[in-house]
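Take a look at this one; I'll ask things after.
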Amino acid sequence: MTTQTQTGPDPKTALSSRGGGPRADRSFQVLTLVAGLLVLAVLALILITTTREAWPALSEMGLRFITENRWDPPSNVFGGLAFIYGTAIVSLISLIFAVPVSIGIALFLTELAPRRLRAPAVTVIDLLAAVPSVVFGLWGVLVVAPKLVPIYQWFNDVLGGIPVIGSVFGEPVGSGRSFMTAGLILAIMITPIITSIAREVFDTVPRADKDAALALGATRWEMITGAVFPHSFGGLVGAVILGLGRAMGETIAVALIIGSSTQITANIFASGNAMPAVIVDQIGESTGTFTAALIGLGVVLFVMTVLINTAAQTIVRRAEIRMKGARS
Amino acid sequence: MTAPDPKVETVTASDRPSVSINAPTSGWGAVGVDTPQAAGAPVMDLRDVSVFYGNYEAVRGTSMPIRQNQITAMIGPSGCGKSTILRSLNRMNDLVPGARVAGKVTYHGQDLYAKDVDPIQVRRRIGMVFQKPNPFPKSIFDNVAYGLRINGIKGNLHDQVEEALTGAALWDEVKDKLKMSGLSLSGGQQQRLCIARTIAVRPDVILMDEPCSALDPIATGKIEDLMHELAKTYTIVIVTHNMQQAARVSHYTAFFTAEVDDKQVRHGRLVEFSETGKLFTNPSDKRTEDYITGRFG
């Protein structure tokens, strides 16, 4: 360690450790390891404590907590299926609208837009992400929902008579507070997230890959489908999952817009409810098992998010192996 | 190499592009279906071509022919503009913001930069192989099939992929793993995959931008052998840093150099163009002689 002061090998050629480097490396390693473990610890803690709080309701209801559609706090029956359904359907609607739009914006910004337009456009989209969700909620309820009712009515008039499709486009609720409205507002809320990640992902596509496609006589669109998308698949799935996470967890905007009624219906123009919205609506007036049941909804939401994330990661890993070879 | 005569097919079988192929006055460019063109007739011609990036003139005043079924090499020190000229031959320079070409580049007598010319059709006929092997992150099969699909080429896809891979001397090595990713191959195989991808669409001319600079000597040797084979069917232009490579593979060589003008701005410039044997044994310009003998000017 202290070869410099001792009579040993010539300091100019000594190979033994000077101490500082390896020790700094070691402590850096420990520091990052702790940081990494901290995330896991926090996740586990949240899951453990919320499950414990929710236990009275979960143990009483068992699996019926997620399979039964009856939410009746006075008689201590808590079957949250309608809320799970509401969360799923609203998230799905938001993704259907947000994903193509976001990918379109991202492609425009990376491949088509003139260079000087890019920075301002990105700023505007990021600003959209900065709008508080309660503002989106109020806007949705007061401005958007009433205006959408005639459009919903038109869809109902045109498509309502068709057997299966008709039940999806059913009679709209008069206030316009419905799955559809909530999904649309959520779509606007998650578009900036998906756009900004998709943009970064597209930016990482090597120039060489795009050149290769163009040199084969590809049009810009063929270049995008042939070179840009295969390269970006994993990142795009990640972007969509982040958007989905936000949509599933969004509370206040959905609580304001979705209409707060406990029902399972294929009609996307009907009112419903979603897990986070129920929690924020009812937690104030709840006690005992009721409170535990609401926390239980939170646990279900949490577990759903983790499951979806895991599934997405598996899909991405499989696709990467298929597209890029096992070496990477 | 079983393709009967891809060049003829290229022009006749594909949908008629906005590039109308007029019978040129000189006669050599006529796309006669029955009369194969004589090897050595110019397919492309550069007349006083300069390439600008914004206001900067990267290469000035280049004039040279690209001859049918011959390998034309472009050599010279870094920054002499040889790659720039190469990329102006299939309008890949269009993709660089601010790039502009002055002078005239003709392909079978047509001005490549005329208003009604569709760069997509240009690149379809004048393919390109790049410095770094760049297969798509797709299967080996899909890499080759991509060009066929986007160009809507009819016929049995599998046969055409096999033909292209055979043409690129890769078929025997990959025939059992066509579904594996193109990126799982070695560097030399990847480069031959890129060549297969290029010849699958049956171009007329193949441009190669230092195709061996990322490869080891064995892989380089394979590509060079392949180039001789390909020259029977295609017209090839290759940019290389390696003078021995130019001497080994090419029929014609263009020597470029970089010159500093009165305003201390560097421009690339074509010094000498002639048959490879003559350029390397009996160069007519002092600068060429200095370069090939290792004395840089």
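Cβ coordinates are placed from backbone N, Cα and C, and glycine is handled just like the others.
The domain 'ABC transmembrane type-1' annotation in TrEMBL covers A:84-312. Annotation source TrEMBL lists region 'Disordered' at A:1-23. What TrEMBL lists as transmembrane segment is A:28-48, A:82-109, A:121-145, A:151-170, A:179-198, A:223-244, A:251-270, A:290-312.
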How about the transmembrane segment (A:251-270) with the transmembrane segment (A:151-170) - do they touch, taking at least 3 C-beta pairs under 8 Å (6 or more apart in sequence) as contact?
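Output yes: the transmembrane segment (A:251-270) sits against the transmembrane segment (A:151-170).
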Return the stretch with the most CB pairs under 8 A relative to the transmembrane segment (A:28-48), choosing among A:82-109, A:121-145, A:151-170, A:223-244, A:290-312.
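Stretch with maximum Cβ contacts: A:290-312.
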Is the transmembrane segment (A:151-170) packed against any residues at least 6 beyond its ends, judged by a Cβ distance under 8 Å, and which are they?
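Sequence-remote neighbours of the transmembrane segment (A:151-170) are 176, 178, 180, 265-270.
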Counting a contact as 3 or more Cβ pairs under 8 Å, with residues at least 6 apart in sequence, do the transmembrane segment (A:290-312) and the transmembrane segment (A:82-109) touch?
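The transmembrane segment (A:82-109) and the transmembrane segment (A:290-312): touching, yes.
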What else in the chain is close to the transmembrane segment (A:121-145), if you only count residues 6 or more beyond its ends and a Cβ gap under 8 Å?
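Here the qualifying positions are 105, 109, 113, 175-178, 181-182, 184-185, 188-189, 191-193, 195-196, 199, 250-257.
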